[in-house]
There are 2 protein chains.
Amino acid sequence: MFKKFKIPEATVGRLTAYSRFLKEADEKGISTVSSQQIAKATGVTPAQVRKDLAYFGEFGTRGVGYNPRELYNYIMKILGLDRRWPVIIIGAGRLGAALAMYGGFAERGFDIVGIFDVDPAKIGNKIGDIEIRPLEELKEKVEELSIKLGIVAVPAASAQEVVDFMVESGIRGIINFAPVNVSVPEGVVLRRVDLASQLEYLTFHLGESR
Amino acid sequence: MFKKFKIPEATVGRLTAYSRFLKEADEKGISTVSSQQIAKATGVTPAQVRKDLAYFGEFGTRGVGYNPRELYNYIMKILGLDRRWPVIIIGAGRLGAALAMYGGFAERGFDIVGIFDVDPAKIGNKIGDIEIRPLEELKEKVEELSIKLGIVAVPAASAQEVVDFMVESGIRGIINFAPVNVSVPEGVVLRRVDLASQLEYLTFHLGESR
DNA sequence: GGCATTTTGTTAAAAAATTAACAAACTTGT
DNA sequence: ACAAGTTTGTTAATTTTTTAACAAAATGCC
Ligand SMILES: NC(=O)c1ccc[n+]([C@@H]2O[C@H](COP(=O)([O-])OP(=O)(O)OC[C@H]3O[C@@H](n4cnc5c(N)ncnc54)[C@H](O)[C@@H]3O)[C@@H](O)[C@H]2O)c1
Ligand SMILES: NC(=O)c1ccc[n+]([C@@H]2O[C@H](COP(=O)([O-])OP(=O)(O)OC[C@H]3O[C@@H](n4cnc5c(N)ncnc54)[C@H](O)[C@@H]3O)[C@@H](O)[C@H]2O)c1
């Protein structure tokens, strides 16, 4: 589709940031923004903004800048967000529940359509208006709605087996919150989010100046 | 302290992963591990492991490998985790509450010692055994316990003002969960965690293969 | 319309990070 | 004690990413 060349890992995250700024600008009725303004708002250099965009095409006008709404739409399309994505969560614990209720996902096109757990005491309970279902029903649901995305919020010890089952059920993109390295077969995209590690980043850098 | 040279951004995150594996290995009674084993377990190359460690010193024995416990201790010291760190959370919403109850922080040396909010309805409530306190009391608490680390779990619209107040109160390392770019003065370390962006990383990469 | 100004898209240069290669140092077996 | 086999630490090569530079294209002023 796009991707004539290899795209830097970090570019995707920056595109997200650009798109958020562009949406705001558009809502304010601004009709053109420069790479410099985008850069300022998102904490990068203007050259970086132009380079990131250049991987995917030409979206601006020389001497003028970019139209926020237009560029926003392009970026959303690049990110695959020109549609809505159903998402399931495995693990109806504290984190799973917080994520299920998080409005920020829907805002970006992600709909939490199912929450699964193995704890009999939790099955049948509701989080928001979604009922917690037993893990065995995952595959059925995934096939029914062609779900491709899933979030793992189970204890580290269960993460690998849960991920295996998700993949077997048809999930193709996974975010893993358990602090453990899990492996997935070719063709499945995995992203690990380690929150303790984020704090450690801070202590490391605080330590530097000691 | 350490850091004769500049350390790659990603090294810190990998050190966290290495340390987790090393702890497990030590608990299993294993007396030596090779860079290859560490690499395998954490999903990187052996060369990467050795390079990462080389920034900080020599921790292994040629022809043999590393002692898990010893290397674990070294890494924890590098990360600044040879002590415990008190941490405060601002925003006692769903995410703030989930984070406050998260056992994974204490496991890595982080103690949540305070939760602050502005909602009068929440002040006085308890999350676990910590009472939600009004934001005005932040500075007092920070000074009392010499707190350096804070987590921002407030709506995006309030994030910048909250961060400013945290910095003013003495906080020097901040994790921001609000999906907005905030700025901090020199000397304050800021880390942004954007969960929606993680899902977008998945959709981008799924889109590639269409 | 021509000229100065602006801002993009692109190419080139620089910097940073990863991977590879290999000598040095240790272990084990004979 | 020496040879064969490991595995580190380090230096060099490669790859990736970022930053800089600048021609090309558009605007607006006179
Ligand atoms: N709570 C946080 O803020 C937080 C932060 C970062 C990471 N995490 C990680 O996220 C994961 C969940 O954390 P939590 O605090 O929500 O834990 P939790 O104990 O509150 O919830 C875990 C849930 O997973 C369910 N579960 C266990 N095994 C399962 C399986 N095989 N299949 C399906 N469901 C299963 C449990 O029944 C429980 O409901 C953990 O790995 C934790 O380390 C949590
Ligand atoms: N819930 C999630 O899973 C999740 C995931 C990713 C990011 N986030 C982000 O984290 C933040 C919090 O999310 P949430 O779901 O917990 O929201 P929430 O509405 O449940 O909680 C927000 C809390 O912040 C408090 N607050 C508001 N302004 C404040 C201020 N100036 N000072 C102190 N406290 C203040 C509110 O009273 C409320 O208790 C948001 O920015 C959200 O985008 C949440």
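From the backbone N, Cα and C atoms, a Cβ is placed for every residue, glycine too.
Summarising the annotation, TrEMBL assigns DNA-binding region to B:17-56.
Residues or ranges marked as domain 'CoA-binding' by TrEMBL: B:80-181.
TrEMBL lists B:Gly91, B:Ala92, B:Gly93, B:Arg94, B:Leu95, B:Gly96 with the feature NAD(+) binding site. DSSP classifies B:Arg94 (NAD(+) binding site) as helix under the three-state reduction.
Proximity to chain A (Cβ-Cβ distance under 8 Å) holds for the following binding-site residues out of B:Gly91, B:Ala92, B:Leu95, B:Gly96: B:Leu95. Look at the binding-site residues B:Gly91, B:Gly93, B:Gly96 and count other Cβ atoms within 10 Å of each Cβ; B:Gly93 has the fewest. Per-class residue totals from DSSP over the domain 'CoA-binding' (B:80-181), listed helix then strand then coil: 38 helix, 29 strand, 35 coil. Each residue of the DNA-binding region (B:17-56) gets a DSSP state, and the totals for helix, strand and coil are 28 helix, 1 strand, 11 coil. Cβ contacts within 10 Å of B:Leu95 (NAD(+) binding site), excluding its own Cβ and spanning all protein chains shown: 24.
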